[in-house]
Amino acid sequence: MMNSKVVPKYYALVAVALLAFACSLASAYDPSPLQDFCVAIDNPASAVFVNGKFCKNPKLVTADDFFRSVNIPGNTSNKVGSNVTAVTVEQLPGLNTLGISLARIDFAPRGLNPPHTHPRGTEFLVVIEGTLHVGFVTSNADGNRLFTKVLNKGDVFVFPIGLIHFQLNVGNTKAIAFAGLSSQNPGVITIANAVFGSDPPINQDVLTKAFQMDKNVVKYLQQQF
């Protein structure tokens, strides 16, 4: 039989052990994905990458690994009148594991960065030149509310992770903005491209019912992409 004086001390030790175990579980979480998917594989020799990028030998790293110029304006001669120059880990290797990236967005007069989402990153936008009408739409559970603002030079706006958002140049001159994102590879899904330009195409019956419009309209839209 256990001594009665030892019992309280015993339970105290058990309580401390359980608390430590609970804390270890709380801190043991899966890292956020850094690509659309990462299928598990048993043989490392057949792997193409880890969740992120393999690391360069630190002894071989140079200043150029942390540098990239975005001084050259993007070509906005396209249907939407905008161009996004991304600076993710794909373009700037030094971003690997740092959890951030950047993009320069150039707008022609009345140009649009069409509705899109970043599945792995929150976006922080600052206007360098021009006037932009920006906004994002909340999730279904929040009633798909639209938050919009007109931004001028020096203004900033935040687009929460995963929410559909857009930027429209409402001026008659060009506009420039820079966006910081909270992932080295935030990803981007342009809504119109994904819905009407998927490969292979989404069944037209699906889109006809989802958008409540004539199948000929769906067919026309798919042809645009």
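Cβ atoms are placed via backbone N, Cα and C, with glycine included.
Copied over from TrEMBL:
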{"type": "BINDING", "residues": "Asn113, His118, Glu123", "note": "oxalate binding site"}
{"type": "BINDING", "residues": "His116, His118, Glu123, His165", "note": "Mn(2+) binding site"}
{"type": "DISULFID", "residues": "Cys38-Cys55", "note": "disulfide bond"}
{"type": "DOMAIN", "residues": "70-219", "note": "domain 'Cupin type-1'"}
{"type": "SIGNAL", "residues": "1-28", "note": "signal peptide"}
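Feature map: TrEMBL annotations on the structure.
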residue: Cys55; record: disulfide bond; Cβ contacts under 8 Å, 6 or more apart: Asn96, Thr97
residue: Asn113; record: oxalate binding site; Cβ contacts under 8 Å, 6 or more apart: Val80, Ser82, Val84, Ile105, Phe107, Phe166, Gln167, Leu168
residue: His116; record: Mn(2+) binding site; Cβ contacts under 8 Å, 6 or more apart: Ile164, His165, Phe166, Val188, Ile189, Thr190, Ile191
residue: His118; record: oxalate binding site; Cβ contacts under 8 Å, 6 or more apart: Phe159, Ile161, Gly162, Leu181, Ser183, Pro186, Gly187, Val188, Ile189
residue: Glu123; record: oxalate binding site; Cβ contacts under 8 Å, 6 or more apart: Val158, Phe159, His165, Ala179, Gly180, Leu181, Pro186
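Other Cβ atoms within 10 Å of the Cβ of His165 (Mn(2+) binding site), summed over all protein chains shown, number 22. For the oxalate site, the Cβ centre of Asn113, His118, Glu123 serves as reference, and the other residues of the chain with Cβ at most 8 Å from it are Ala103, His116, Thr117, Leu125, Phe159, His165, Gln167, Ala179, Leu181, Pro186, Val188.
Summary of the Mn(2+) site environment: with the site residues His116, His118, Glu123, His165 set aside, the chain residues having Cβ atoms within 8 Å of the Cβ mean position are Thr117, Gly121, Phe136, Phe159, Leu163, Ile164, Pro186, Val188.
Confidence annotation: the domain 'Cupin type-1' (70-219) carries a mean pLDDT of 96 in the model.
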